[in-house]
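**Q** Just passing along the structure, written as structure tokens.
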Amino acid sequence: MGPSFDDGTSLYNFVVRDGNGVKGMVDSGLTTVPAAYMQPPRERIDKESARKHEQPPIDLSRLDGPEHDEVAVEIVRAAETLGFFQVINHGVPVDLLESLKDTANKFFGLPPEQKAVYRSEVSPTPLVKYGTSFVPEKEAALEWKDYISLQYVNDAEALQHWPIEIRDVALEYLRTSIKMVRKLLEVLMVNLGMKLVDPKIDALIDKKMVNMNFYPTCPNPDLTVGVGRHSDMGTITVLLQDGIGGLYVKIEEDMRFGKKGEWVEIPPIPGALVINVGDMLQVLSNKRYKSAEHRVRTTNTTSRVSIPIFTIPKLTEKIAPLPHLVEKDGIAHYREFMFADYMKNFFGNAHEGKKSLDFAKNADSS
């Protein structure tokens, strides 16, 4: 007799503690969404009312030629408005992107016991964590997602500790993406008045993490979310979507393609990568750049994968709005803090929109 998914404790033990994940639950023949995964109506994603964000992708190959300044303006404009944009000709081979999606699907297709050895309580290394939802012990409703997270220190440690089934392709994805991230960050920081040689640019992307997210088919996607509303805690995120889609971004200010508070879907574009601004860039820019609130929908037709790279500052890095921007604006919207403290707060709470940024807000900032 299998576990009862109507009983919260039994479900939690099966999905979270024993490492079976949402996939294990679905594979057991689940036909309805358990109560533990039912989102309150305000958190559910209305697919029909969300329009698609039809902004064409930015061609990054043009950054290295006579059109550099024009492309830089496109990147800055995207960071200042939606906080999300797509890029092509980014330097990451398209066949590698296809291999990544295949590898992720194969990994999550492994028997539960092969993945569960990397649960945080038992993982042989702090660099690898397999889990489900976000912070399941603190969430009122769980997220319909399993994941594996790979922290990067150096190539040698990645080769030694990352799971052999995904190690090589994940490492190559990181190696080829990080050059692009550095270029994007240079454009954004130079626009804020920082010099290219400033050591802070490298300090802002000192740590890297590759995640593979798996969203199993869901009996009723309208009741669930794959990932709840949140912004990313770091500097810049790179995201590979598969062809199914389901990523939604909240518009912060009225703009040409939507009104404040509306949600737009970022449609998958073959060969493209999605870039989004993280909380640290919103803080450093004193709110000029938008760390956009986003979330992920589930689907009842097929499982899907997404593979983000998170770039984050050194843990000891002190983060605050750039002084010359504060002087120009007449107010610092955020206080100075150490990134390690921000990260601890971020992972200590369930997803709740951009509430993580409240940790850094100045009391007199609106």
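Placement of Cβ uses the backbone N, Cα and C atoms for every residue, glycine included.
Features from TrEMBL:
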REGION    37-64  region 'Disordered'
COMPBIAS  41-64  compositional bias 'Basic and acidic residues'
DOMAIN    200-313  domain 'Fe2OG dioxygenase'
**Q** What does the DSSP secondary structure composition of the domain 'Fe2OG dioxygenase' (200-313) look like, as residue counts for helix, strand and coil?
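**A** Its residues fall into 13 helix, 45 strand, 56 coil.
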**Q** Mean pLDDT over the domain 'Fe2OG dioxygenase' (200-313): what is the value?
**A** 92
**Q** How do the residues of the compositional bias 'Basic and acidic residues' (41-64) split into helix, strand and coil according to DSSP?
**A** 8 helix, 4 strand, 12 coil
